Amino acid sequence: MSQKDSVTTSQSSKSIGKYRWSICGLLFFATTINYLDRQVLSLTWKDSIAPEFHWTNSDYGDITALFSIFYAVSLLFAGRFVDWLDTKKGFLWAIGVWSVGACLHAFCGIATSGIITGDWFVGFHGSKEIISTVQDTALVINVSVTLFIFARFVLAVGEAGNFPAAIKTTAEYFPKKDRAFATSIFNAGATVGALAAPVTIPFIAKAFGWEMAFIIIGALGFIWMGFWIFMYDKPEKHKNVSAEELAYIQQDDIAESKLEGFVPETSSKVSFKECFKYKQTWAFAFGKFMTDGVWWFFLFWTPAYLSSVYGMDSAQAAWPLFVLYAITLLSIIGGWLPTYFVEKKGMNPYEGRMRAMLIFAFFPLLALAAQPLGYISYWVPVIIIGIAGAAHQSWSANIFTTVGDMFPKKAIATITGIGGLAGGIGSTIINKGSGVLFDFTQRNWSTINGQPLLEKYPQFQNAVTEKAFLAEKGAGNLEEFLKLLTTEGQNVVNGINTGYMIIFSICAVCYLAGWLVMKSLVPKYSPIKDL
């Protein structure tokens, strides 16, 4: 028996070592980069990309919805890929692919120019000039949207590997009682990425062009890969993990090995069919389905919300978005609260997590007041969305950790992928639905001096007459036209405000609905023993 194997789980007064937190730090930075790459499009499309390619809310909604589908399906296989390839190689492949995908966005303008006109070697600025001369705007829209969808596909395939690999790494490096806290720390990278995005990306885009924003942010992933290569290894093999720290990490395995009837976990892979036999899988998947779309909606649509409702460009929205995502850093409490319930209240890990998740599920209800009180100041919805976002990240850290509570390590990445697929389906529905709803409400429910838009301007009832009318008025789309009327002193009530109210109301109740179903499926701690 090795020296490490002989160490008992009782901790001596000397330090057990803290290298596991260095690994957690790497996971944090990977997640930060993940969300920075994901945010570049949402922070540049309204001001820079939409005017160049004539996009509408529905076009952007299509791109974000398809990204959600690609991400969801990729998550299903990413989990198995990480299980099969191992954590180190799997993570390297994931971040390498998504970094390439992030950079690909920058070349969509050149590719659009090349496909439509045959001019491929024109550079970023040259492609803009060529596209502006194309009379067939529908062709520009279709080609550019298709190219961005392809870039989002590559990004999604790579990004899908982040959370399965991170959750698997957490299970390798932390005992069950610490996993929610460790997960909340690396999951806070999502918040920090979202926090850094609005104060960096719009200014990079303004100074160097939207294309360089994708390239500069995308390159960060390649830097992270170097640190991962040199810093990560399995804890039982790592030279920087002491015998005492290894015993602390493996305390659950050691304790379980002493139980009567203990059967050591095998290294055999698990099938999807096997996973779906368990209610625990369905509970996790439904919780993700109900709630992932809420976070993705806030992530992808909040910059557009501030633009459509409050007339802010990306630079003006930078400070409110920074404050919003700074508030979500409160989510770190979400990792501490279950530990409190376990250590101070004597609950088992699952019971403690579900109690904490119920508390977090009530905070998104504040979103019901975001739009009705938004007339006071844009800070009202910004703060409310920030609180809801913090609640989501707290919820997310805990729902991820329930997988490690219930399933053996060999199945964690696969189960995480199944849950990610469910979450991606929910995200697809809400993002596609939002784009369609916002275009519908803006067109059908907007009023000009109290008169319905379609009555006052019947040109908007037909796509051909709308295009000619907007060109005559010097507006690229309906939203720009409504803003133009506002500057002329007309009383414009944008129907899109009602659209946001509808979506906010849906988001508000998703967490309680998800918790109730999860609790009904798995009412008490029931770890899987036969997988």
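Glycine residues also receive a Cβ, built from the backbone N, Cα and C atoms like all the rest.
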Candidate ranges 137-158, 357-378 [criterion: TrEMBL lists as transmembrane segment]: 137-158
Intrachain neighbours beyond the transmembrane segment (91-117), with Cβ under 8 angstroms and 6 or more residues off its ends: 30, 33-34, 37, 40-41, 52-53, 78, 81-82, 85, 123-124, 126-128, 130-131, 134, 139-140, 143-144, 147-148, 150-162, 165, 169, 210-212, 214-215, 217-222, 224-225, 228-229, 232
Reported mean pLDDT - the domain 'Major facilitator superfamily (MFS) profile' (23-526): 88
